[in-house]
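What TrEMBL says about this one:
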| type | residues | note |
| --- | --- | --- |
| REGION | 1-81 | region 'Disordered' |
| COMPBIAS | 53-65 | compositional bias 'Basic and acidic residues' |
| TRANSMEM | 98-118 | transmembrane segment |
| DOMAIN | 100-506 | domain 'Major facilitator superfamily (MFS) profile' |
| TRANSMEM | 138-158 | transmembrane segment |
| TRANSMEM | 224-246 | transmembrane segment |
| TRANSMEM | 266-286 | transmembrane segment |
| TRANSMEM | 323-341 | transmembrane segment |
| TRANSMEM | 361-381 | transmembrane segment |
| TRANSMEM | 393-410 | transmembrane segment |
| TRANSMEM | 416-435 | transmembrane segment |
| TRANSMEM | 455-475 | transmembrane segment |
| TRANSMEM | 481-501 | transmembrane segment |
């Protein structure tokens, strides 16, 4: 912890000022290429003086990360020696990071709105297009289906071509799908609106995996978790607006199909106009990375010598990481449950409360807005404490309790109670989403954030498809209670898997200046995406 003490004293988050942090770290030297986290010079990477290298230590656990100043109180003599021998890796925070975060969050918002805008007014679209409710459900399920096969080329593109191109693809496809929907304002054109929704679902492949990349590449160590939560917040806000606006813009008017079509067209054209403006802003604002890295974790990647980067090897490394595999499954269960509840919420409410389409949308809004508050609070908590596993496990358990309460109070003929229980469920279930992203980055560093986030989202989509289809079948054939109990059983499994995850905060250790002797890496830098690293874990 000596290095952690020293670096944390020097860490600054002052916007616009260089964030010079003293670091002196040196990794092991197995046969082959080894990465040395040492001094940076304009001409390249330089090794730290071995005589001044601190003794090898086991990386601290979460309890030590919670201590003030990273566990202050270590011997001052060793700190002085390390400080004298270390050189500076220059870091800097730029005001542009807030514009990048805002633009990304906004076009992610519109994409999420387009995901849920159909299912929350299922009765309207079944009446207008003359299709079954299951056909309308597929307008939401297609988002999950498209993600699974496309996530690997999307994350490869993010690693190879960088943040900017990936963001432009996500925003551009989202805009294109929104305009195609404008041509589906006729009862016989259900196929056109499905085609448009498929394009929007492809767009989200280039959106959902970016929050952790945007946060890591643009934000400092004291704000990275909050930035990730804010980026996820945009998607959640889009879902919230998707619950709220469609029932207001397109009321159920079965006696006037022409008016219904007019209202649907207004919603579609409004969405297309906003998507176009955001695509233009994406082109202007979003860049691959700032001129100088924002944190030591990013500076280490930037300062390391180039090598051969293998995307396939990176995937293989992640799948060998037992902690990450456990997180993949538990994240998939929780997020898939959220997708299923969101998609089927209107049907569950209508099964228990007749003629409550408007309140169904408001309950969905309550679910997501409460989750937005939970996301921000969890992000702030992680930035303050770095207790990733404990926080994730606590939120998972509380999500299970929320699901149980929601399940057994849904049919008590008290719509106001449903508002309360949905808010409690959403606070923890939706608040879990950024926790999984950030926890995944921590335990897989220095692998690409886009790759780990993409795999997490892929598992979320797989579980979301399965859960939505099974819960929808149980709800239709039996009742909402049967479908919700199905989800409760799976969430219990997720709690158990989360408890088994071994928490090793690799990125946090680098930011605090701790010698990460357990990392042996092969690094690749390019002009468009310089922060790429492939690693494998070795035993101490």
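Numbers here mean position along the shown chain, with the first residue as 1.
Placed from the backbone N, Cα and C atoms, the Cβ positions cover glycine too.
Those TrEMBL annotations? Automatic predictions, nothing curated.
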Would you mind listing the long-range same-chain contacts of the transmembrane segment (224-246), meaning Cβ under 8 Å and 6+ residues beyond its ends?
97, 101, 104-106, 108-118, 120-121, 124, 207-208, 210-212, 214-216, 218, 267, 295, 342, 345, 361-365, 367-369, 371-372, 375-376, 378-380, 382-383, 430, 433-434, 437-438
Using Cβ atoms and a strict cutoff of less than 8 Å, what residues sit near the transmembrane segment (266-286) while being 6 or more residues removed from its termini?
96, 99-100, 103-104, 106-107, 110, 113-114, 117, 163-164, 167-168, 171-172, 174-175, 178-179, 181-182, 184-185, 245-246, 249-250
Flag the pair the transmembrane segment (323-341) / the transmembrane segment (416-435) as in contact if three or more Cβ pairs fall under 8 Å (sequence separation 6 or more).
yes
Does the transmembrane segment (361-381) come close to the transmembrane segment (138-158), meaning at least 3 CB pairs under 8 Å for residues 6 or more apart?
no
